Amino acid sequence: SCLCGSAPCLLCGCCPSAKNSTVSRLLFTFFLFLGTLVSIIMIIPGVEKELHKLPGFCEGSGSVLGVQTHVDCGSFLGHKAVYRMGFAMAAFFFLFAAIMVCVRSSKDPRAAVQNGFWFFKFLVLVGITVGAFYIPDGAFTSVWFYFGVVGSFLFILIQLVLLIDFAHSWSQLWLRNADESNAKGWYAALCIVTFIFYATSIAAIALLYVYYTKPEGCTEGKVLISINLILCLIVSAVSILPKIQDAQPHSGLLQASLITLYTIYVTWSALANVPSKQ
């Protein structure tokens, strides 16, 4: 009943009470985490190589339990598999987004679909995932690649907005505490955190130049790191301009340092996924 309905199971009786909507968010987040974990496993270097060693699994390896196999391991692991897993998760969440259109409260009859039937939802996700792996290669991989580019671009923008808002609330809270308590410890804590963010970013930039560039060559990597470094310096300088301070008194280097650190992380992520290992 705890999987197929909204009623909590006996094992959850010791947990604190929560609204159906809160539990639904947590379980949908678990589904998203599960799909992401599977995608990470599929893209781990060496996993596909190990899969080829399994007798009778890959195409041309014989048969499994007397059944002739025609499985292409390339469609099960690597970027193609990640695209299919992403397609399955996107289809799953868009399906429930369409079902929940115009639902305003938990009293709506369709809200029961949102807040319950988790076992069947899991089966639906598994079914869509299995079906996605039967999609022929053709133009699917290249077309879905562009969906991924646009989606990841929007995701990064939304993440940046949320990070800026988080850092702004953080800075505002500590400055308010410093003004109300008349204690300089809050200012010191703000300076220390900002220094840690910038120090980590500088160390990360140095490591990027050491491990992802060469004295001769790697021009694209050098340009990418340098442009992002310059943009981070510009953002840091702009954040302390008098006009910016007048318009937004609580703005400062904490927000800029956090965005700088995030930008360096995204830069590392891009460089780490370059197809050429050299």
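Any Cβ shown, glycine's included, is placed from N, Cα and C.
Bear in mind that TrEMBL entries carry predicted annotations, made automatically and left uncurated.
Note that the structure is predicted; figures quoted are calculated from it, not measured.
The annotation transmembrane segment is assigned in TrEMBL to 26-47, 81-103, 115-135, 141-164, 185-211, 223-241, 253-271.
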**Q.** Any contact, the transmembrane segment (81-103) to the transmembrane segment (253-271), with at least 3 Cβ pairs under 8 A
**A.** no
(Q) Under 8 angstroms, Cβ to Cβ: which one of 115-135, 141-164, 223-241 has the largest number of such pairs with the transmembrane segment (185-211)? (A) 223-241
Q.
Short question: most Cβ pairs under 8 Å with the transmembrane segment (141-164), which of 26-47, 115-135, 223-241, 253-271?
A. 253-271
Q) Same-chain Cβ contacts of the transmembrane segment (253-271) under 8 Å, 6 or more residues past its ends? A) 156, 159-160, 163-164, 166-168, 170-171, 190, 193-194, 197-198, 200-201, 204-205, 208, 212, 221, 224-225, 228, 231-232, 235-236, 238-240
